[in-house]
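Okay, structure first, notes after.
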Amino acid sequence: MAQPKKEMTLLEHLEELRRVLLICIIAVGICAVGAYVFNDRIMEVLLSPLTAVGYRPVVTGITEAFMVRIKLALFVGFLAALPVILWQVWWFVAPALEKAEQRYFLLFVFGTFFLFLAGVVFGFFGVFRVAVAFLLKFTGSQLVPMLTIDKYISFAIYLLLPFGLIFELPLVSFVVARLGLISSAFLARKRRYALLISVIVAAAITPTPDMITCLIMTAPLYALYEVSLVVVKLTERAEARKRTHEEAGEEEHGQGVLPASNS
C-alpha cells in the first residue's frame with residue numbers, strides 16, 4: 001500500500017528507486033526460475049506451429065539449447081512478473097498523487113498488464129502461427145528447412161513483444177484524454193491517417209510479404225484505434241457529467257445561503 005505523502009530528499013528517492021528496481025529484478029528472477037522448470041511445456045507450445053507442419057528445429061552449437069532455454073525463461077519470467085513490476089511502479093509513484101489520481105493510476109497498472117498479455121496472446125495465436133505456416137511454404141520440395149532453435153525463439157519473442165505494446169493503445173488514449181491532450185473529435189477526424197498507419201505498422205511487424213496476412217494484421221490494429229476513440233468519448237462524457245454535478249452542487253450551495261432577514 002502506498003505510504004502517506006511526505007517530503008523526501010533526493011537520496012531518499014534514489015534509495016526508494018533502488019528498492020523498487022531490486023524487487024523487480026528479484027521477481028523476474030524467481031518467475032524465470034519457475035518458467036525454466038516448465039521449459040519443456042513452454043517450448044512445446046511455442047514449437048507447435050512448427051511441429052504442426054512436420055518440422056523440428058535443430059541446434060548448431062553445444063551451448064545453443066541451454067542459452068535458448070535461458071532466454072525463453074527470462075521472457076516468460078518477465079511476463080509472469082509484470083504484475084509485480086507494475087505494482088512496484090504504482091507503489092513508487094502513488095505517494096506523489098492525490099487520492100483520486102491514485103485510483104486512476106491503480107486501474108492503469110492493472111489495465112497495462114491485461115492489455116499487454118492480451119496482445120501477446122493475440123500475436124501468438126492470430127499472427128505467429130499463421131506466419132510460420134505461410135513462410136515454410138516457400139521452401140517447396142527443393143529446399144530442406146534447417147531452422148535453428150535460437151533463431152526460431154528469437155523470431156517468436158521479437159514478434160510477440162510489439163503486439164503487447166500495441167495493445168496498450170486504448171489505455172494510453174484514456175490517460176491522454178484525462179490530461180485533456182486529445183479529444184474524440186480529433187481522433188474521428190484522423191481516421192484515414194490511422195488506417196494508413198495501421199497498414200504501415202502491420203507491414204512492418206508482420207513477417208510475411210503477402211497482402212492477405214498484412215490485411216489480417218491491419219484489422220485488429222485499426223480496431224484498437226476505434227476502441228481508443230470510444231474510450232476517449234466515454235472519458236469525455238464522464239468528465240462532462242462530473243462538471244455538471246459540481247456546478248449543480250455549487251448552485252445548490254449558493255441557494256442554501258440566504259441573507260439574514262431584518263426582524
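Glycine residues also receive a Cβ, built from the backbone N, Cα and C atoms like all the rest.
The structure displayed is predicted, hence computed values, not measured ones.
Look at TrEMBL and you will find 242-254 tagged as compositional bias 'Basic and acidic residues'.
Annotation comment: TrEMBL describes 242-263 as region 'Disordered'.
Sequence-distant contacts of the transmembrane segment (20-38) (same chain, at least 6 residues past either end, Cβ-Cβ under 8 Å): 69-70, 72-74, 76-78, 80-81, 84-85, 88-89, 91-92. The transmembrane segment feature in TrEMBL is assigned to 20-38 (among others).
What TrEMBL records for 72-93 (among others) is transmembrane segment. Sequence-distant contacts of the transmembrane segment (72-93), counting only residues of its own chain at least 6 positions beyond either end whose CB sits under 8 Å from a CB of the stretch, comprise 1-2, 16-17, 20, 23-24, 27-36, 39, 42-43, 46, 105-106, 109-110, 112-113, 116-117, 120, 153, 157.
The transmembrane segment annotation in TrEMBL covers 105-135 (among others).
Below 8 angstroms of C-beta separation, residues 46, 71-72, 75, 104, 108, 111-112, 115-120, 122-124, 127-128, 131, 187, 201, 205, 207, 221, 224-225, 227-229, 231-232, 235-236, 239 of the same chain, each at least six residues beyond the ends of the transmembrane segment (155-181), sit close to that stretch. The transmembrane segment feature in TrEMBL is assigned to 155-181 (among others).
TrEMBL lists 193-209 (among others) with the feature transmembrane segment.
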